[in-house]
Amino acid sequence: MEQRGRASQDEEQAIVGAETGSQPSLPVSPMRPIIAPSPAMVLPTPGHGMGIPQFGPVGLPAQASTPMLSSTPGPSYSSAPTPMPNPSAANLWPTYKLVAEIPNAHKKSISGIKFSPDGRYMGSGSADCSIKIWRMDFVYEKTLMGHRLGINEFSWSSDSKLIVSCSDDKLVKVFDVSSGRCVKTLKGHTNYVFCCCFNPSGTLIASGSFDETIRIWCARNGNTIFSIPGHEDPVSSVCFNRDGAYLASGSYDGIVRIWDSTTGTCVKTLIDEEHPPITHVKFSPNGKYILASNLNNTLKLWDYQKLRVLKEYTGHENSKYCVAANFSVTGGKWIVSGSEDHKVYIWNLQTREILQTLDGHNTAVMCTDCHPGQNIIASAALEPDMRIKIWRSQS
């Protein structure tokens, strides 16, 4: 039986830890919404379930010119903090405001957005088969090409030198960020590869697929170390904890599993009574808790050692698409997520109250990421929006 009582202040400190670590967040592709979240999943054809154009071929030109930045939000960009019933919490309110916008960042829907662990760059992945790198003044730097179909996920290595990506082309690729070259292609999955990440030391790569398996690869030679038939539906998200000892996986089967990364064995299984499809999982900064995004308009914070839910965050809309959530610890201790109502939501980690909503996108917000060292949030949305928005807070 899940428990939804508030965690103590000590638990909150344990959740966020003393450092943010360098794990990349793991946004999940918006390209395949869940039509019928039931034991017999009905999954739309990739790239078609939400009425977007089919993925294009390789060869889309890299953007040679710098996209225009807009630092002045229009009248519809309301970022005032949501009124709070508890005045004593006012000093904990985030004050995010729109400070920059990259229009037409990609040619198709943006499936992921990530800051590099060193905080110097931002990456964005898209259904247009490209990953673009942006400087922190949000000026275009370069494009990484190599996949034949749309990008479902990408993640940075902890030293910010490499990017691993996965695609509907059933491949996992590793790119050298400095040169922009694909340096390794990992083959083995038999269906769309939905998620991928490096372990903190950069020695392992994990991936999850619509073939219902998790693969752990040697990052040096690209060989498969483990192929794990870990779920009964597509694997939607994978994430290492901060020391790399454990790998979490989430699936449309409604289950989160924790794996020993050295043996490939399952050490914990998390499932609640409702078991809605899981679309994203992320370890807390200290690696002791897991934040799971669910296709029933909830985020759940699990104490996976005790197999219980510590917190449940609600108020946003998420019942159709794969939307990622993040921890923000550079200012207050917050949970950040996109939403199908075109907004970004920010919750107080401890009280579960919505502190602020960020308005400005005109389609479902699939991707958010929090800068590792500054109070900055990046967000991106489905077609036809295709804009990256940058929000900054003074608190």
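In case you wondered, yes, glycine gets a Cβ from its N, Cα and C as well.
Keep in mind it's a predicted model, so treat the numbers as computed, not measured.
Swiss-Prot has this to say about the protein:
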- 63-81: compositional bias 'Polar residues' (COMPBIAS)
- 1-31: region 'Disordered' (REGION)
- 63-83: region 'Disordered' (REGION)
- 105-135: repeat 'WD 1' (REPEAT)
- 146-176: repeat 'WD 2' (REPEAT)
- 188-218: repeat 'WD 3' (REPEAT)
- 230-260: repeat 'WD 4' (REPEAT)
- 274-303: repeat 'WD 5' (REPEAT)
- 315-348: repeat 'WD 6' (REPEAT)
- 360-392: repeat 'WD 7' (REPEAT)
For the repeat 'WD 6' (315-348), mean pLDDT (0 to 100): 96
Counts of helix, strand and coil residues, the repeat 'WD 4' (230-260), according to DSSP: 0 helix, 17 strand, 14 coil
Tertiary contacts of the repeat 'WD 3' (188-218), as residues 6+ beyond its ends and Cβ separation under 8 Å: 21-24, 26, 28-29, 43, 46, 152-159, 162, 164-168, 170-172, 174, 224-240, 242-244, 247, 249, 251, 259, 261, 264
The repeat 'WD 7' (360-392), counted residue by residue under DSSP: helix, strand, coil: 0 helix, 17 strand, 16 coil
